[in-house]
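Marked as substrate binding site by TrEMBL: Arg95, Asn149. Positions annotated as Mn(2+) binding site by TrEMBL: Cys170, His200. Taken from TrEMBL, the feature domain 'Glycosyl hydrolase family 4 C-terminal' applies to 195-407. If you look up TrEMBL, you'll see Glu111 marked as site 'Increases basicity of active site Tyr'.
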Amino acid sequence: MTGLKIAVIGGGSSYTPELLEGIINNQELLRVEELWLVDIEEGKQKLSIIEGLVKRMIQASGHSVKIIATFNRQEAIKGADYIITQFRVGQLKMRRYDEYIAIKHRVIGQETTGAGGFMKALRTIPVILDICNDIEQLAPEAWLLNFTNPAGIVTEAVLKHSDVKVIGLCNNPINYYKKFAAIYNVSMNDVSINFTGINHLLWLTELYIKGESRIKDVFHGCSDIYEAKNIPDFGWDLQFLRSLGAIPCGYHKYYYQSDQILQQQLEEFKRNETRADQVQKIERELFATYQNPNLIEKPKVLEQRGGAYYSEAAVHLMKSIELNTKEVHTLNVRNNGAISCLPINACIEVNCVVERHQVTPLQVGQVSPQIRGLLQHVKAYEELTVEAGVNGDKGVAHQALTSHPLIPSAEQAKTILKEMFFVNKEFLPQFKI
């Protein structure tokens with residue numbers, strides 16, 4: 001094979017057309033020869049719909065990419081150059097349980113953080129490590145690009161418990177580049193941002209437009225901030241931002257505006273309109289749209305799903321690796337001392353230089369106390385979550401959930417954990433429930 005082989009684990013995801021669009025737009029440089037879409041039996045119908053759509057998209061593009069939809073993960077991984085993970089253990093049904101159980105106990109219910117993100121991580125860790133075992137045996141030189149949430153925790157599990165070359169990705173950073181490029185009417189190449197933190201707990205500590213610092217524009221209300229469609233928008237107190245000395249990402253609202261978020265979630269809970277309910281509705285609409293035999297491109301409605309432009313992040317990263325461009329990307333990687341207040345082997349999200357065979361995080365050094373406290377707090381939770389997810393230790397799981405800033409007490413954590421373990425037992429083999 002002269003071109004690239006890419007295996008997508010979770011190929012029946014509603015996001016796959018976004019990825020395919022990115023490949024089509026960059027096919028002359030990437031030269032993708034085979035795109036394998038891998039899913040499980042329960043996702044058979046969605047996989048079939050996605051297979052049909054992406055084949056129509058390829059045909060309409062005039063490019064030649066072989067699309068293979070399969071349940072055989074090992075065959076897809078064998079000899080692959082890139083494995084992209086975007087799967088959801090337990091599908092959207094379990095996401096709804098994650099949110100509803102948390103909100104029922106009057107704590108924030110969210111897919112990637114707090115009690116919901118914790119349980120999603122425990123379901124995901126055994127599966128990602130099983131996938132890594134396949135990669136080690138069948139494609140040891142491949143890069144694993146992980147989008148599966150909670151991306152930081154899942155990537156840290158791989159970094160600590162496998163020999164796979166892994167990079168975690170999120171669409172948040174690229175959305176900030178696009179937002180500020182639009183605000184200042186410049187190209188994305190004219191925008192430079194310093195990022196510090198971990199996945200979904202990311203601070204923008206500097207913003208440059210054509211080499212000139214413009215972060216104070218945001219602090220003084222002269223520039224908007226990118227807000228993700230899947231996060232409530234209550235705005236930011238500009239005085240708070242000025243004293244923080246950084247721009248928080250949207251997910252910080254779960255920490256900095258937790259009372260408002262929880263109140264809104266409680267109201268949505270009463271109406272059966274949580275984010276999980278909204279996503280299920282959007283998914284039904286998306287797949288109904290995808291089935292249209294005349295559809296030959298990614299539909300605009302996909303942007304409502306969240307995750308916009310994630311394909312650009314993935315495709316630009318693959319281009320940088322293949323062409324050895326040494327460009328800077330914002331990625332989830334092993335710390336290696338880049339953020340001095342976090343463990344060496346922790347997974348962090350920072351700017352990195354990307355080369356053909358390695359990715360190097362740029363030094364951040366010391367961070368301000370305003371950032372350091374919350375950052376260390378959540379990272380400790382993530383470390384414990386990885387340990388619990390790998391070893392199936394209920395005591396460590398209790399400590400992990402208790403340590404999360406959004407959980408008010410050890411007793412509350414114990415109650416939530418008991419209920420979540422009960423509904424998730426088929427997905428938690430490591431705990432022997």
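Quick reminder: no glycine exception, Cβ is built from N, Cα and C everywhere.
Feature annotations (TrEMBL) mapped to structure.
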residue: Arg95; record: substrate binding site; DSSP (3 states): helix
residue: Glu111; record: site 'Increases basicity of active site Tyr'; DSSP (3 states): coil
residue: Asn149; record: substrate binding site; DSSP (3 states): coil
residue: Cys170; record: Mn(2+) binding site; DSSP (3 states): coil
residue: His200; record: Mn(2+) binding site; DSSP (3 states): coil
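Inclusion criterion for the recorded positions Arg95, Glu111, Asn149: a C-alpha placed within 10 angstroms of the C-alpha of Cys170 (Mn(2+) binding site); this criterion is met by Asn149.
The C-beta environment of Asn149 (substrate binding site), restricted to residues of the same chain at least 6 apart in sequence and closer than 8 Å, consists of Glu111, Thr112, Gly117, Lys120.
A separation of roughly 18 Å, to the nearest angstrom, links the Cα atoms of His200 (Mn(2+) binding site) and Arg95 (substrate binding site). Over all protein chains present, the Cβ of His200 (Mn(2+) binding site) has 25 other Cβ atoms lying within 10 Å. Long-range Cβ contacts of Arg95 (substrate binding site) within its own chain (separation 6+, distance under 8 Å): Arg88, Glu111, Gly116, Lys120, Ala276, Val279. Per-residue confidence over the domain 'Glycosyl hydrolase family 4 C-terminal' (195-407) averages 93 (mean pLDDT, predicted model). Around Glu111 (site 'Increases basicity of active site Tyr'), taking its Cβ as the centre, 20 other Cβ atoms fall within 10 Å, counting all chains. The Cβ of Cys170 (Mn(2+) binding site) has 25 other Cβ atoms within 10 Å, all protein chains considered.
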